[in-house]
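Asks: This is the structure I want to talk about, given as structure tokens.
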Amino acid sequence: MTIQPVLLLLLLWMWLPHPCHTEMLFRRTPDLRPKTFGGRASGNDGKAIHRQKRGWMWNQFFLLEEYTGSDYQYVGKLHSDQDKGDGSLKYILSGDGAGTLFIIDEKTGDIHATRRIDREEKAFYTLRAQAINRRTLRPVEPESEFVIKIHDINDNEPTFPEEIYTASVPEMSVVGTSVVQVTATDADDPSYGNSARIIYSILQGQPYFSVEPETGIIRTALPNMNRENREQYQVVIQAKDMGGQMGGLSGTTTVNITLTDVNDNPPRFPQSTIHLRIPESSPVGTAIGSVKATDADTGKNAEVEYRIIDGDGTDMFDIVTQKDTQEGIITVRKPLDYETRRLYTLKVEAENTHVDPRFYYLGPFKDTTIVKISVEDVDEPPVFSRSSYLFEVHEDIELGTIIGTVMARDPDSASSPIRFSLDRHTDLDRIFNIHSGNGSIYTSKPLDREISQWHNLSVIAAEINNPKDTTRVPVYVRILDVNDNAPQFAVFYDTFVCENARAGQLIQTISAVDKDDPLGGQKFFFSLAAVNPNFTVQDNEDNTARILTRRNGFSRHEISTYLLPVVISDNDYPIQSSTGTLTIRVCACDSQGNMQSCSAEALLLPAGLSTGALVAILLCIIILLVIVVLFAALKRQRKKEPLILSKEDIRDNIVSYNDEGGGEEDTQAFDIGTLRNPAAIEDKKLRRDIIPETLFVPRRTPSAPDNTDVRDFINQRLKEHDTDPSAPPYDSLATYAYEGNDSIAESLSSLESGTTEGDQNYDYLREWGPRFNKLAEMYGGGESDKDTS
């Protein structure tokens, strides 16, 4: 206890500002001559180099940081043993901060710091000092280097890199379980005093957590902390320098600690008994309802698996675990019947799927509940005695014969009467019918197995009191075969016999088919309807027969075709038979028996020339005649070809130039003056666009007098073309652009300007009014300009 006042006084002394009185004395040896070491060294010039012994030695200067006084802070004093105090020496300082941060009195050698120094910015400064003669400016002491080291004071508090930390620890952890480590840093000098020695303590979060003073590791301080009671904790940690002693600086940080879940809680059903209801008509797989056990844990620790472990409905119901909602869905496993059983009892168990062995002592981690399921009565549709029916009937039964009966009943306790009907979509031909009261199916049309061997019907049963509730059942009717069809030839036979055939020669093998399908298989017999002197039938007893000749030689000139009736019969009851006729032609054959010709007309044809060759020759002749006729017709209808197509040959035809005129200045395009002066028309020239067959002398017609009417002019031109033998034999359109003489203003077109421009006087345009003044100025001014030029 007696040491504490001494420590307090020491700390106060360290905090008080005080200068460092440091003085460096320079000692001078008595001998003014340079001292040399025992060794000698030679330079490059061969002279011996002597090293002079220094007259001053430097040590470190020490300076406290964060000086708060008003005067410059004294650092120390430089002094040479050659300084006599007469001011003849001058001290010079250079290096880090010389002249700015550190200044020296050049006469006395005193060094001062001009401002407050922070050690955390720079811990030491390296400077160089030199003493020179003020008059000669020669150094009296060699330049020497020294260091000013800044002594640290406790001016920085510990800081944490994060303002808020986030950590987690499992619930129910033992005391001392490590949670997280926090570390603070102090900018002070750790090698000087206790300014950077940090001690950690907890300000908030007790008694749940603790912190190690030296390391900053946060640990749990209470056992069995339960997340279900409290999940979040906020802990405040303090870091204090000076070893945690009084007067030290401190910093704090906040640590948010979350208790993570472990499986320490078993599932629990909120009710010991659960009641559910379901209609008896619910199909298999229908969800009846759900059960759910609550678990205070979260995530996989709260996952539960449901199962039915006991009860009288274990074979009637299933339970499925819904993973996303953690519910047990009870579904129908087998069809229900209210009339058979109305109540079922199930014992359902819920068990955790992930159990932590550390917490077995808290178990068991499962729970059970009783589920009672009540079956509700509904008005059910009729139920058939079978799921399907199969009836077999022979095809020769009489109309109205009952082929079978379907039976259905009302499963409800009321037992309503049933009405039966046929779905006519399954019996479009209405071959069958059904008795609505007893379900007897009978025929209404004849049956034919060869047309349809199977009939697939659908019978509908409905309650008379509730016709909307219906049930369907498939009924399959198989038609049994009866021997009611006679056998026939399998195919059509094209049979021939050679003229040079011998007796007993095979000319055809025949077979038969029968639409019936007897149980023992098909068996046919072949024979002739009557004895034939030319041919006979030999039964092969394998449903085939051979046709043989009975004599030698046949002549197609005498008889070209023979008809042979063959009787085919079966062996079923009753026996059916038919007669088929074979047509046998007599043909010419080669020595190998290959047919060459079967018609008698073929003998009249020249040898070596067949009918196909004659047809080909005839076709060639017809094609040649058609080509000649077409060539002649084209030659007659050929049009006369034009000799030239000249743009200068302007006649009565329409010529498309795709060109646009040049306006009034274009005087070369077309001169209508000849139309206005018919007497000036030149002699007609022959047309150059066609080849004339005969040259006719064009007939000159008298010209129309001047100023003739347009109608007379057109009629005259029309008459000329009608009497012109060289005119084309096709219709033409003649344009003349002729204008009559009834206009007072006469023609204003520029087409005549080429012949009459000099005779025109445009002064009359001024008399037409103000609208024509501009036009009069244009043409009147042109004449004046022309005269002036």
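Residue numbers in this text run from 1 along the chain shown.
Each Cβ is built from the backbone N, Cα and C atoms, and glycine gets one as well.
According to TrEMBL, the record shows the following:
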type	residues	note
SIGNAL	1-22	signal peptide
DOMAIN	57-318	domain 'MHD'
DOMAIN	80-160	domain 'Cadherin'
DOMAIN	161-269	domain 'Cadherin'
DOMAIN	270-384	domain 'Cadherin'
DOMAIN	385-489	domain 'Cadherin'
DOMAIN	489-603	domain 'Cadherin'
TRANSMEM	603-634	transmembrane segment
Asks: Would you mind giving the whole-number mean pLDDT across the domain 'MHD' (57-318)?
Replies: 88
Asks: Write out how many residues of the domain 'Cadherin' (385-489) are helix, how many strand and how many coil, based on DSSP.
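Replies: Taking the domain 'Cadherin' (385-489) as a whole: 3 helix, 47 strand, 55 coil.
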Asks: With DSSP as the yardstick, break the domain 'Cadherin' (161-269) down into helix, strand and coil residue counts.
Replies: 3 helix, 46 strand, 60 coil
Asks: For the domain 'Cadherin' (270-384), what are the DSSP-based totals of helix, strand and coil residues?
Replies: 10 helix, 56 strand, 49 coil
Asks: For the domain 'Cadherin' (80-160), what does DSSP give as the number of helix, strand and coil residues?
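Replies: Across the domain 'Cadherin' (80-160), the residues distribute as 0 helix, 35 strand, 46 coil.
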